[in-house]
């Protein structure tokens, strides 16, 4: 449809910048912190019972902000108990930021950190070759299942690594979010990339049901201020367009009729709310807790 449109993932530095703008313009992190503060203590209440060490596996740990937030909750629940925290993260840049964050953070004395620069499927293959599967008390996958080719196989594998009373926490965009509507309507018109899948919590719950895996789902409202997307030539708006469409330089390379149609839709109530002169895209998140 648009030969000049290319996937945002083909330009790493632009992807990183557009993701940064997304975080700056959305309540994504606040929403996650609210969940960690209000719900996580109850979820992890039994994962470390009678254990001398709690084993935590972070899949796609990124730069570590959320990981450290989770670890602080585990420490509060199990004061003084040693924690073995292993991180699977394919980006060397993110691992470097994570390590830097750890050096700047106090009260981590009882936590041992190990980083593996690999994707979740590389980790899975490495573990399968070992034939000696490590069991974990808590595994979390925050906003990373979009980058997995075979999601059901991944879910099944990590579920098999759970110790007794262990849990997996998965975060994804909600099936009620604007993302769901955007992907369903326009996914076929945008440049696809093997790196990313359009998957929401609704899809994930169907997969878990098929696998017969027990879970609970919590939805939390989050928004992204996309007002700048409607100002022609606005740099912040252009980068947010890239993030929304996963398309590099969408504003300048997209067919004008496609851009006009998406622009019109983004202002509709099923995609966004208008508040105090701002257009707030529905970025709602789902937190899915999988039981052992």
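Including glycine, each Cβ sits where the backbone N, Cα and C put it.
What TrEMBL records for 28, 283 is substrate binding site. All protein chains included, residue 28 (substrate binding site) registers 19 other Cβ atoms within 10 Å of its own Cβ.
Under the heading S-adenosyl-L-methionine binding site, TrEMBL lists 60, 89, 94, 120, 142. Taking the Cβ of residue 94 (S-adenosyl-L-methionine binding site) as reference, residues of its chain lying under 8 Å away and at least six apart in sequence are, in sequence order, 61, 62, 63.
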For S-adenosyl-L-methionine, what surrounds 60, 89, 94, 120, 142 with a Cβ no more than 8 Å from their Cβ centroid? 58, 59, 61, 62, 87, 88, 90, 91, 141, 144
Let me spell it out: for each of the binding-site residues (89, 142, 283), count the other Cβ atoms within 10 Å of that residue's Cβ, using every protein chain shown. Which one has the most? 89
Other CB atoms, at most 10 A from the CB of residue 60 (S-adenosyl-L-methionine binding site): 23
Which ones in the same chain are close to residue 120 (S-adenosyl-L-methionine binding site), with CB under 8 Å and 6+ residues apart in sequence? 59, 60, 88, 141, 144, 148, 154, 158
